[in-house]
């Protein structure tokens, strides 16, 4: 049976389903093909359920580490299985919302694996819609990414990726997390607050190595205080799953001495690579980059007419909100509607939802000076310890830091670590996107008392006149 659509979206993750909705809003007949996760990794086993677990962990942290601060008396126990059950319910609710949106926008759901026969035809295998042939005018590839692993390390029952970990309702007693990026550090926060003996091994010289160095220091201090062991500057050289226990060999960089940890479980979190295999992409003529991602232009167009790509498979910046933004550009381009390209992906915001939270975009001071050696770069940092709302919340760790051009006040980067940093960064993203200067940000009246006043104060600092510090 052959069906024809104006637009077919391959993959129902955050980029895929958003692009489908936008295309349908613009009058296109749209179908989405998905083999497993409607809402993608993000809604099912990533962003959404992990935030539920983190909230539970924050509550546990308050009762176990801050009892004296808040006058809490008596003993309270925390059940990880109950926290896990809540996270699955949260995920199910949000995924149900995706199906509702498909129906609301008259988008056809096709359940199965879409395989390209050629640049205008997809064949569905697996799933309840296996056997269908789908033709299209335009196709948006939103197939996401797959996890990397360490050389010589295979996933097994006790050596897992984030996906197996987040689906497991049982917390181990002792665990190693390989990789101190956002995912590794979020899981370390959750499990550490549920009494798991967690060790994080990171090859780079600090945790969250892609963030500002001072941000990394704040996070490292908070985690050590919480009892999480951090081993930055160490290489994981071998992982052996012995059934009842796992052995992890590691070496400090520059040393020949091998040490071994024996734990119940190991989670490997060392990044992702674009998912470009397993769906017949080679039958389309679509070109890949040297990194193995689908090559696109500013409008998400590939080199093949009528085929677009968005999200992790493009490797521009592998974040759900970036995929969503790309999806809207792709849909509007297909429909011939007015759109706005995304510009420099360096200026896209990112966050790590540990506690304190981390968020950033743009350049660090060092990066800015290296990129613009002839420009005077100014940096201002305002500590949350000087922010009244943060003091009232007893969440005074961290700071709001702004990197700017001294002459024009152009916003070149922002780096936040502290309470609700993921919410505070968006004001600065908007300002950067619309070319507001740091002076204009500082002159915008902010409600008192709020955490966002720290952002205003940092902007004042670029001009040399912070008020409350």
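A Cβ is built for glycine as well, from the same backbone N, Cα and C atoms used for every other residue.
What Swiss-Prot records for 448 is active site, proton acceptor, and it gives similarity to another entry as the kind of evidence. According to DSSP, residue 448 (active site, proton acceptor) sits in a coil region rather than a helix or strand. The C-beta environment of residue 448 (active site, proton acceptor), restricted to residues of the same chain at least 6 apart in sequence and closer than 8 Å, consists of 388.
Long-range Cβ proximity for residue 36 (FAD binding site), meaning a same-chain Cβ under 8 A and a gap of 6 or more residues, is found for none. What Swiss-Prot records for 34, 35, 36, 37, 38, 39, 40, 41, 42, 51, 114, 312, 320 is FAD binding site.
Positions annotated as NAD(+) binding site by Swiss-Prot: 179, 180, 181, 182, 183, 202, 269, 270, 271, 272. The C-beta environment of residue 269 (NAD(+) binding site), restricted to residues of the same chain at least 6 apart in sequence and closer than 8 Å, consists of 161, 162, 177, 178, 179, 181, 183, 184, 187. According to DSSP, residue 269 (NAD(+) binding site) sits in a coil region rather than a helix or strand.
Summarising the environment of residue 42 (FAD binding site), the number of other Cβ atoms within 10 Å of its Cβ, over all protein chains shown, is 23. Taken from Swiss-Prot, the feature disulfide bond applies to 42-47, supported by similarity to another entry.
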Q: Just report the maximum Cα pair distance in Å for the recorded FAD binders 34, 35, 36, 37, 38, 39, 40, 41, 42, 51, 114, 312, 320, no decimals.
A: 31
Q) Can you count the other CB atoms that lie within 10 A of the CB of residue 34 (FAD binding site)? A) 25
Q. Going by DSSP, is residue 47 (disulfide bond) part of a helix, a strand, or coil?
A. helix
Q.
Could you state, as a whole number of Å, the largest distance between Cα atoms of any two of 179, 180, 181, 182, 183, 202, 269, 270, 271, 272, the listed NAD(+) binders?
A. 16
Q. Just the number: how many Å between the Cα atoms of residue 47 (disulfide bond) and residue 320 (FAD binding site)?
A. 8
